[in-house]
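*Asks:* The following block contains the structure, expressed as structure tokens.
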Amino acid sequence: MEVKGSHEDKSVVSFHSKDFINLQCSRRDLTAAGRYQYFMGTIIDAAEPLVMVKDANEIFSDNKITCIFVLGGPGSGKGTQCEKIVEHFGFTHLSTGDLLKAEMESNSENGTTIRNMRKEGKIVPSEVTIKLLQRAMQESGNNKFLIDGFPRNEENRAAFENIMNIQPDFVFFFKCSEEERKRRILNRNQGRDDDNIDTILKRFKVYEESTLPIIEYYRSKGKICEIDAERPVEEVFEVIYRQLVERMREGTDVEVCRKEEKAV
Ligand SMILES: Nc1ncnc2c1ncn2[C@@H]1O[C@H](COP(=O)(O)OP(=O)(O)O)[C@@H](O)[C@H]1O
Ligand SMILES: Nc1ccn([C@H]2C[C@H](O)[C@@H](COP(=O)(O)OP(=O)(O)O)O2)c(=O)n1
């Protein structure tokens, strides 16, 4: 474990586990999350910076890939929450929308296809998106991925499962009304070429027609973790945080965790 020093209200601690996991948290974060008493394999006393009793590596085995899909309509807050998850949990965040945009801007052979599809709010063929995802996953050196905005249709889903042979551990579904999403996108103000009302309405239609059935598919498999994304950012994150901690704990030896909790 490496303690990166303490300054004012922030005690920053990071630990690396066989190059796979790189977690960071601050005293403020831990205090906010204090009621959970548990942070990525670590029992936490919120009054103290950090008491480490267990290696994070015991939570995720080295060979296992953890893959969480993050789905929800355009503007539901996927990117916003993924950034926060990364801050706290050491995932690699792969936004397929961002990967495609970067590919478009690099003037690659697929650039024109991507530009045209984005303008129409259409879904880029899987072979392009999966190639970008594959590269980014390999380059990350991580084994925990938050895949944001993918799969967006049946073709995406089937191709990912067949080519990558990876099933998501579970799928976050951000539920948020169209009215609120439209309001957010029109205020997003990031200079996105597709954040104009014409393209927004096309994206909403494609989402309803092509992505909602994928969410129902994962629901039928018991993999959907539905989040009320209509609420303020911090409230949404609080729910996500709790879900992640619980789900990770379920994947580990609960008996050991309970014993250690009692010891705190
Ligand atoms: N819970 C929220 N409440 C209000 N505004 C939000 C919330 N989550 C995100 N936003 C804002 O809404 C816009 C869209 O969020 P973003 O994360 O880019 O959505 P997505 O990735 O799903 O398209 C951004 O400007 C973001 O700051
Ligand atoms: N898996 C994906 C993700 C995005 N795209 C395209 C189509 C989308 O309208 C744009 C923008 O996607 P992005 O996820 O960045 O944004 P929204 O969730 O639509 O707000 O990229 C795609 O074709 N396939």
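Every residue gets a Cβ built from N, Cα and C, even glycine.
Remember, TrEMBL labels are computer predictions, not curated facts.
For reference, TrEMBL lists these features for the protein:
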type	residues	note
BINDING	G75, S76, G77, K78, G79, T80, R188, R231	ATP binding site
BINDING	K122, I123, V124, G149, F150, P151, R152, R192, R203	ribonucleoside 5'-phosphate binding site
BINDING	N156	CMP binding site
*Asks:* Counting other Cβ atoms within 10 Å of each residue's Cβ, which of the binding-site residues S76, N156 comes out lowest?
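*Replies:* Sparsest of the binding-site residues S76, N156 by Cβ contacts within 10 Å: N156.
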*Asks:* Cβ under 6 Å from ligand 1: which of the binding-site residues G77, T80, R152 qualify?
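*Replies:* Result: G77, T80.
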*Asks:* For the binding-site residues G75, G77, G79, which one has the sparsest Cβ surroundings, going by other Cβ atoms within 10 Å?
*Replies:* G79
*Asks:* I want to check the contact list for K78 (ATP binding site): same chain, sequence separation of six or more, C-beta distance under 8 angstroms. What comes out?
*Replies:* V70, L71, G72, S95, D148, G149, F174
*Asks:* For ligand 2, list the binding-site residues among S76, G77, V124, R152 whose CB atom is within a distance below 6 Å of it, in sequence order.
*Replies:* V124, R152
